[in-house]
Each structure stands twice: as C-alpha cells, then as structure tokens.
Amino acid sequence: MSENLPPVVSKSVTFNKHGPESMDNSSSVTEEKKKHAKKGKASKNVPDQPANPFHMSGDVDFFLLREQERNKSLLDREQKKQLRVHEKMTYSSKVSAKHTSLRRELQLEDETQDQEERAEQLRSFHEQVAWKLAMTREKKLEPSNISSYVDQNRQMFLIQYALDMKRSEIQRLERLAAQEEAELERAEKFLEKDAALFDEFLRENDRSSVQALRTADKESKAKMEKILEIRELTTQIMNIKSEISKFEDMLQQYKVYKDFLYKLSPREWLEEQEKKRSALRQAKEVVEAFKGSLLLSSVGDKGLETKGKLSSREMQSPRRPAKLLQVMRLHQALSTTASQQQGTLPSVPSRVESKRSSSTLPVQDDLDSDDGEELELYFTDPQQLLDIFTKLEEQNLSLVQNTQEMEEALEELSFTLKNTQTRMDREVNQLKQWITTLMMSITKEEETAAELELKARVFHFGEFKGDQEDKLLESLNCKVLDVYRHCVGGQQESSLGTVQMLATIEHQLDELLENLERVPPARIEQAEKAKEKERRLRLREEKAKLQKQLQEERLLRAQARAQAERGRRLVCRSRPPALKTKERSKHELMDKDREEQLFFFT
C-alpha cells in the first residue's frame, strides 16, 4: 500500500492540473469514492464470513427447514391455546398487524434513505463550495488531495476485497451446487431402484391377489356346499326333533293315563304288588352280592371265572320271567291305587290314601329304573272302568246335592246376618244421634243457667229498688202473661204466678226445640229461607211505604209553599217568645223497652 502511494499521488496531481472541468470530474469521482468508502467501512467493521451477504448458510436441508417451520407453528398454536380470550387474535387482525408493521418498516427505511440523501447533498454542496473558494482564492489543496487519494485507495482495496470474497463465495456455492447435484443424482438412482422394487412388489402382490382370489373362490364354493349340507342336516335334525317331541308328548299322555289307571286300581292289589316288588329287590340284592363274591374269588383263575359266569347265568335265567310277572303286577297295582285316589271314595279312609300315595311313588321310580319292562295293569276290561266311573258319579251327585243344600243354608244365614247387621247399625246411629242431641241440649241448658245466674246477680246488685222494682215486676208480669197467652193459651193464667208461667213457657220451649231437632235439616233450611223471604218482603214494603210518605210530605210542603200568601206577615208590636218544651219521642221509649226485653228475655 505504501509502495503504490507516490505514483498515484503524482497521477492525481497531474490530473488536477487540467483546469476546472477536470476538477469537476474529480469532485464527482471523489463523491463516488466516498460512497464506496462508506460501504467499505461498514464491511470493514465486520469482515468475518457470517456478515457477508453472499454467504450461504450450512442449513441447506430443506426437509429440516420444513420440520423446523412445522415445530414452530405447533409451538405457536400451543402458546395461543394458553392465551386468554382478550389476548387472542383473528387471522384478519394478524394480517392487518403484519401489514402495519411492514408499512412502519418501509416508512422508517424511506425516512433513513431521505436523511442519507439530504446528508449527501449537503456534503456535496459543502465540497463544491470549498472547491470554488479554493479556486477563487488560489489556495493549495494538496492535503485534501492526499486524503482523497487515500480514500480512493481504501475504496479500491475494499472493492477488490469484496470482489475476492464474492468470487470465493461463488466458487463455494458452485461446489455446493455440484455436491447437491451429485446427491440429487444419487437420490434419483435410489428412487429409480425403489420404484423398480415397488413395481416388482406390486407385480408380486397382483400375482398373490389373483392366487388368493382363486383360492377364495374355491373355498367359497366349498363353503356353500358345506352350508347346503349343514342346512339339509339341520332340516333333518329339526324333523327328527319334532318327531321326538311328538313322541314325548304322546309318551307323557300315556304316562298320565298309566298313572290314572294305577290310581284307580284297588288297594289290596297294590299291596300285593308292593310285596312282590320288595321280594324282587331282595333277590336282586342277593344276586348282586353273589356276583361280587364270585368276582373276588375268581381273580386268578380264568376257568373259574367262566364257570362263575355260567352259574350266574343259570341262576338268573329262571328268575327272569318271574321278574317280568312281578313288574306287570306292580304296574296294575299302581293303576288301581291311582284310580282309587282320584275318585276320592268315601269308603276308603285317609290312612289308606296316605299309604297308597307313599307306596305309588317309589313303585313308579322303580318301574322307571327297570330295563324297559312294564308292569301289568289291574284293568283288563273297559267295563271295569265304567263301573268305577258310575259309582264315582253317583257319589259326586250326592256330594253336589249336599253342597247345594249347604250353600242355600249359607245364603239364608248370610242374608239374616246382613239384616241384623244393618238393623244394629241403624240403632247404633240413632243412639249416637240421641247422645249428640242430649249433649247439645245439656250445653244449651248450662249456657242458659249461666246467663240466668248472671242476670240474677245483675238484678240483685242494687240498681233497682223500691218503686222502680215494683214497676219493673209489674211490666214483666204483663209481658210474661202476654207471652203465656200467645204460646200456651188457656183459662188458668189468672191463678198462675210469673215464675210458674215462665216454667210452663220453658217446658213448652224445650218440647218445641226437641221437635225441631227431630225435624230434618232440609226442612228447617226451607223454613228459614221462607222466613227470610218474608222478612225481606216486609222490609221492602216498609221501605216503599216510608218513601211514599216522604214523597207525600214533599208534595204537601211544595203545595203549601205554592199556595202561601205573598207579602209581609202581620205581627204584633211586642209578642213574648213562646216557651218550647222538650218532648221525648216515642222511638226512644220503644228502643228502651226493646233493650230491656233483650236484656231480660234472651
């Protein structure tokens, strides 16, 4: 750098000697160099490789970038889920926020560019002014030329450095591109191999699927054949089962008939069959014990075993028909017992029936456990059953007649019981009503006695004395006599006193109250309604009369005012005022008498 400085300086000096035009060109060149110097300084401050804009990062794996973006989006989603409602944003708000942020960045960049342009313009203006001043005043500009020369060299160096860096970066990118192309070719080869293998796999799969379809068709045909065979077999099984069920139903019916015949068989025959059955059991037990002894004794010798078998067969052969006969007889005995138990004959006692029922059950069990052998029945002719049925029918008819007579007697007793029950209930209700009426009359009498006692206390308290008492007694006597005449009537009122008359009136009132209590309440309500109606009619008539009288009085007053003489009335010169005497109205006297009557007679 120091070796190249003198010739460059001389060149610049010789270049500056050419006049003002050359100076203008040099000034523009210096401005461009200054701009490049600024950029070179910025690059010189951070000369390392990551700050180079043409450097390609090592993260060339696009699949890794895609995974990173996917993880980033998942993290953003999880963070958004944890946000609250007011903190969340919609897609439109996000887009608007992005647009606003981009606008702000662009505005800031525009502002910075404007500021830089203004600063450059000011700087160029100041340089031009300094050049003009230097040219006019003929000042020496060597120091400024040296500084510009240094700046130019620095800018050239930085540009050369940038070019070298770009070339190296281009070479590195070309190497990376060649490596990526080689990897892509290798991946294409692997993909072609995988495609060939996949095609082979598909062909093999098609062959296996065709083979599987063929085998499936064969298996389906075989399956359909088996299904048809199974259906045929199931239909046969169902037919056999239906036949078996029919035979079982028939067998049950026959068993019922057999049990019925066993129940109808006589008791003596059943006892005989039971004895035979017990003998047969004992014989069987003896034979089984003998067989066990023979088996134990003939363990070592075969000839002895054969002899034991022959002997046992010889012993069992004569017993076989006897066993059959016993079984048949027991069968008949069971049928006779069943017939006797169902008919409920009166001649057979309950003790024999219990024995019969207890004996038939084990006999039937033993019969069922035999080797398919059936016992003989007691009945050999249908006429025997008909005779038994006729006897049972006669007995049933007699029993039905007895039951009908008992039912008639029971109906008569129930009818009489109902009649007596209703009569007793009626009497009880009447007595309860009498009790309630008596209790009510007692309470009323107690209330009247208490009122009379209170009135007597008030009467003897000292309010009425002397002449007032005599007058009051006389008025009471008159009123009691009037009431006695109206209520009781008769010619003996002159000889009776007030107390006696009151007693007779009270007795008459009690009788009337008793009669009133006996009267049905509906009739009393009708009478009360009639009295209330009469009272309302009377009040309505009285009210109409009063209104009529008032109307007549108004008319009279109006006529008097109309017929009166007009003018001033002649009066004396001095007439003394007339004395007005206060007269007690008749209404007050009537009210007082009514209060006394209410006080003493209610």
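Residue numbering: from 1, along the chain as shown.
Quick reminder: no glycine exception, Cβ is built from N, Cα and C everywhere.
Look at TrEMBL and you will find 163-193 (among others) tagged as coiled coil.
If you look up TrEMBL, you'll see 392-423 (among others) marked as coiled coil. Mean pLDDT for the coiled coil (392-423) in this predicted model: 91.
The coiled coil annotation in TrEMBL covers 522-563 (among others).
Here TrEMBL flags 335-347 as compositional bias 'Polar residues'.
The domain 'DUF4200' annotation in TrEMBL covers 149-266.
Look at TrEMBL and you will find 1-57 (among others) tagged as region 'Disordered'.
Under the heading region 'Disordered', TrEMBL lists 90-117 (among others).
TrEMBL lists 335-369 (among others) with the feature region 'Disordered'.
With a threshold of 8 Å between CB atoms, no same-chain residue lying at least 6 positions outside the region 'Disordered' (90-117) comes near it. Residue counts of the region 'Disordered' (90-117) by helix, strand and coil are 27 helix, 0 strand, 1 coil (DSSP-based). The residues of the domain 'DUF4200' (149-266), classed with DSSP into helix (H, G, I), strand (E, B) and coil, number 116 helix, 0 strand, 2 coil. Cβ atoms under 8 Å from those of the coiled coil (522-563) belong to residues 516 of the same chain, restricted to positions at least 6 beyond its ends.
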